[in-house]
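As recorded in TrEMBL, the features of this protein are as follows:
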COMPBIAS  167-189  compositional bias 'Polar residues'
COMPBIAS  192-204  compositional bias 'Low complexity'
COMPBIAS  250-264  compositional bias 'Polar residues'
DOMAIN    28-151  domain 'C-type lectin'
REGION    165-223  region 'Disordered'
REGION    250-275  region 'Disordered'
SIGNAL    1-22  signal peptide
Amino acid sequence: GLCATLYSIAIFPSLGAASCTAQKPFICYYAEVQISNLNFKRFDQERKWLAAVRYCRRHHTDLADPQTVTEETDKEALKSITSKTEAWVGLYFSAASGSLRWSSDAGASVPTWLQVPEFGAGLCAGLCSYWSFSPRISAVACSSLKPFICFDDPTIGHRESAALPQLSYTPSSEVTMGTTPRPTVTSERSGTDMTDAATATQAQHLSSSNHPDAKENAPTPKPGQLFGILKADFLIPVLMNPEDMKDQFLSESGDLTMQSNPVEANTGREKALES
């Protein structure tokens, strides 16, 4: 339950110990390099890509955007804050445009020396270096925990109020499954409101056995071809006995199965009864 603190007495820094739940100032580690008028800072705190975007926009400008890094000396400078472990940069696959973009909203240009691989939905860019090679981009799941590289652009400042990148498709409420409200029906027995989709829509549905077009619409099986239909649009009252529900279900599905293959119908019923 104790964590280390750093303080100084006179001119010498010393380590202390304090409760890990105590609120204190803190010191982050980061590696920094300046390229042209941009400062790039690598943080070894592991975060998901969107969390890294929020942090960089709050404290700096955005996740690293090395679009302007083209000179050989600049590549070497950027390499000094990379390693074989990927660190998040601002490149990602935009679900809105279906293409690669930078979180800085400064365009979609990608220097060829970064050797960008194929990207798809849910993938973001990590920057890494191997041995003496120049830094290159890797496609990593955006939900992975990685170090990250921020950059500061004095001409832009912080971008905390900018809209977050869209990493995945968001379906509209009209087509989202499971969001349609069910009608509310009042129970006469309990006097409370209860949701009963079957009772509320009773006037809109017909049992398949009583439907006038049920037999006419049933496809005719070809010779030598097994054919089966599970017709399950019959109504089940809320207070119906489970055994009666089972018998009604089997009678609805079994009648059509018997028309095509009487031998396998009994087997199907036995399996249904067991389940």
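Cβ coordinates are placed from backbone N, Cα and C, and glycine is handled just like the others.
Residue counts for the domain 'C-type lectin' (28-151) under DSSP, helix first, then strand, then coil, are 25 helix, 48 strand, 51 coil. For the domain 'C-type lectin' (28-151), the predicted model reports an average pLDDT of 92.
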